[in-house]
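Taking it in order: structure first as structure tokens, then the write-up.
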């Protein structure tokens with residue numbers, strides 16, 4: 001069964017066509033700079049042959065048209081016609097309390113996704129655009145929504161409740177939701193497979209470390225806590241996001257810098273994190289170069305990032321009353337061996353010892369703790385698209401033709 005996976009951003013559209021019988025990727029790519037000058041479609045087929053098409057993409061409609069044309073192209077395409085696509089799986093960032101699992105898309109589902117747009121104003125409207133365009137172009141093809149927030153809906157109330165008036169939750173649904181759920185689900189499951197553990201009788205901490213970063217505690221296959229909150233701004237120090245801070249800072253800075261709330265939130269989302277601390281970059285490769293060159297703020301940014309990760313790992317060990325494995329994933333987690341090393345060396349209290357040689361491995365599955373370590377530490381490259389394809393297949397398989 002061929003599943004087209006769509007991940008629609010505000011100015012980009014990532015896609016993969018996956019044969020779910022073999023779980024092989026038949027084609028993948030990205031439409032970049034949608035609505036901006038310099039639009040481009042980058043495409044790769046199953047043989048790994050790459051192609052690029054520069055053409056104006058004023059909107060997502062044009063982008064999806066170009067994707068469908070590329071997939072059915074006689075020279076470089078993956079399928080002979082659009083009829084070969086059995087279903088479409090859409091990544092949707094925020095499902096609020098409406099969705100605890102992936103669902104078949106219908107008008108009610110679309111209405112609920114719209115209701116959650118205030119909680120994810122940068123993401124949900126873009127996700128909806130992708131759904132709308134696919135509905136126009138392939139009206140008879142079933143579509144499934146897979147939510148970033150769904151995996152975290154198993155958190156108990158004491159984990160997701162904020163210390164604010166309860167009426168805020170009742171009236172406005174102010175609570176912790178968490179994000180990157182599809183990644184946390186895949187990596188936690190894959191970690192137990194990789195280590196030969198029982199997923200439903202295990203305690204796993206997943207560190208999804210990228211430009212956006214989050215940590216989750218997964219006990220017996222259920223998420224019991226996660227670092228991101230109502231929005232993806234809470235938790236770890238990230239590439240450009242501040243993570244946890246004292247809310248009173250907003251009023252304090254508002255008065256002293258003469259900024260309104262929206263301006264401050266823009267700074268906290270786009271100009272903070274390791275970029276804000278270092279003044280150099282949000283990219284950890286640039287930070288490493290600057291640190292090695294003697295830049296003290298770049299060094300501080302890396303230390304602060306690693307320290308926050310360590311704190312959360314320690315807290316989640318307490319939340320689960322122990323841990324079997326800690327796994328790193330996403331761009332930084334999979335490739336930044338120096339950051340991993342900084343974190344793992346502070347987990348000695350768990351009986352963890354870093355295997356320096358194994359830690360040199362980047363971008364592939366590995367155990368980076370020594371054989372004597374009581375808790376295993378792994379690198380597990382994430383595969384959110386595969387989870388979306390699997391969920392889509394499972395739901396569509398239940399439909400009657």
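Placed from the backbone N, Cα and C atoms, the Cβ positions cover glycine too.
Some features that Swiss-Prot has for this protein:
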BINDING   7, 384  Mg(2+) binding site
BINDING   14, 208, 209, 210, 211, 212, 283, 284, 285, 331, 332, 333, 334, 335  ATP binding site
BINDING   91  substrate binding site
ACT_SITE  148  active site, proton donor/acceptor
SITE      180  site 'Transition state stabilizer'
SITE      241  site 'Transition state stabilizer'
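Within the same chain, residues at least six positions away from residue 14 (ATP binding site) with a Cβ under 8 Å of its Cβ are 6, 7, 28, 29, 30.
The secondary structure of residue 332 (ATP binding site), as reduced to three states from DSSP, is helical. Residue 285 (ATP binding site) and residue 384 (Mg(2+) binding site) are 24 Å apart (CA-CA, integer value).
A gap of 12 Å separates the Cα atoms of residue 211 (ATP binding site) and residue 180 (site 'Transition state stabilizer'). The recorded positions close to residue 148 (active site, proton donor/acceptor), defined as a CA atom within 10 A of its CA, are 91, 180 out of 91, 180, 241, 283, 285, 332. A coil conformation is recorded for residue 211 (ATP binding site) in the three-state DSSP classification, outside any helix or strand. For the recorded positions 148, 283, the largest tally of other C-beta atoms within 10 A is found at 148. Around residue 285 (ATP binding site), the same-chain residues at least 6 positions away in sequence with a Cβ under 8 Å from its Cβ are 336.
Nearest to residue 334 (ATP binding site) in space, judged by Cα atoms and limited to the recorded positions 91, 180, 241, is 180. Among the recorded positions 180, 209, 332, the residue whose Cα lies closest in space to that of residue 91 (substrate binding site) is 180.
The Cβ of residue 209 (ATP binding site) lies under 8 Å from the Cβ of 236, 309, 328, 329, 330, 331, 332, 333, 336, 339, each of these being in the same chain and 6 or more residues away along the sequence. Note on residue 334 (ATP binding site): other Cβ atoms within 10 Å of its Cβ, all shown chains, come to 23. In this structure, residue 14 (ATP binding site) is part of a beta strand by DSSP. One residue stands out among the recorded positions 91, 180, 241 for having the most other Cβ atoms within 10 Å of its Cβ: 180.
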